[in-house]
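Presented below is the structure to which this report refers.
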Amino acid sequence: MGSILMATIKEVKEQLAILRDLDDPRWASFEEDSRTGVQAAIRKRRKAILAELAEEERLEILLNYEKSLYARGIELIAGVDEVGRGPLAGPVVAAAVILPKLCKIKGLNDSKKIPKSKHEAIYNQVMKEAVAVGIGIKDNYVIDDVNIYEATKLAMIEAIEKLNPQPEHLLIDAMNLDLPIEQTSIIKGDANSLSIAAASIVAKVTRDKMMADYEQEFPGYAFAKNAGYGTKEHLSGIDKFGVTPIHRRSFEPIKSIIKK
């Protein structure tokens with residue numbers, strides 16, 4: 001205890017960082033140090049541990065579907081999701097991801113709930129950890145030809161067919177696919193399955209990069225910012241510069257604009 005009281009605040013912080021359990025008896029020694037800096041460090045570390053425990057619990061819950069399949073001896077489970085159904089421009093992108101058994105990637109969630117600043121890091125972690133990743137892309141011409149729902153299915157099937165090894169079971173975000181693979185359709189799957197969440201972030205980052213490239217090719221529509229969605233800035237670009245080759249002509253207001 002004497003050595004703790006004699007330690008600098010920096011040294012105390014380093015020792016606190018080692019603690020992982022709120023019931024660790026070493027907390028008592030630190031709490032006897034009345035220095036304001038030490039007490040602040042204790043509160044900060046306790047808060048961090050609580051956040052870590054909450055994240056661990058969240059990830060465990062996200063593995064519920066996967067764990068029920070593991071219990072049946074099924075290990076090659078692919079999460080499948082898409083991004084880009086609603087935009088006025090650009091492709092629909094689907095991803096299929098097989099994660100290792102009981103894999104946990106901190107911060108992984110429905111891509112819409114992940115801060116944009118963290119997208120790239122979590123995407124990189126998924127790509128590093130995954131057993132297999134497949135990506136399917138259907139452009140605006142396919143979307144206009146078969147409709148967005150069917151194009152989404154085609155993108156998902158393409159993503160799954162690119163997986164090596166092939167999955168034994170599919171966990172899909174609110175979709176049923178005509179494939180000879182056992183599958184489970186999950187409403188709001190990207191918020192309820194870790195495998196689907198992994199597919200969600202892969203599809204999101206892949207599509208965002210494509211839209212950023214399209215901004216270079218078609219400036220004036222802010223594609224890197226709006227990802228092709230019908231924002232005020234995007235619609236203003238259409239008014240000024242017209243419809244581009246990547247706009248979906250079966251979507252309003254594009255459909256009405258090209259009829260004028």
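Quick reminder: no glycine exception, Cβ is built from N, Cα and C everywhere.
Quantities reported herein were computed from a predicted structural model and do not represent experimental measurements.
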According to Swiss-Prot, which candidate in ASP173, ASP178, ASP208 joins ASP81, GLU82 at the divalent metal cation site: ASP173
Cβ-Cβ neighbours of ASP173 (divalent metal cation binding site) (radius 10 Å): 25
Same chain, 6+ residues apart, C-beta under 8 Å of the C-beta of ASP81 (divalent metal cation binding site), given in sequence order: ALA94, ALA95, ILE172, ASP173, GLY189, ASP190, ILE196, ALA197, ALA199, SER200, ALA203
Average pLDDT across the domain 'RNase H type-2' (75-260), rounded to a whole number: 97
Cβ neighbour count (within 10 Å, all chains shown) around GLU82 (divalent metal cation binding site): 28
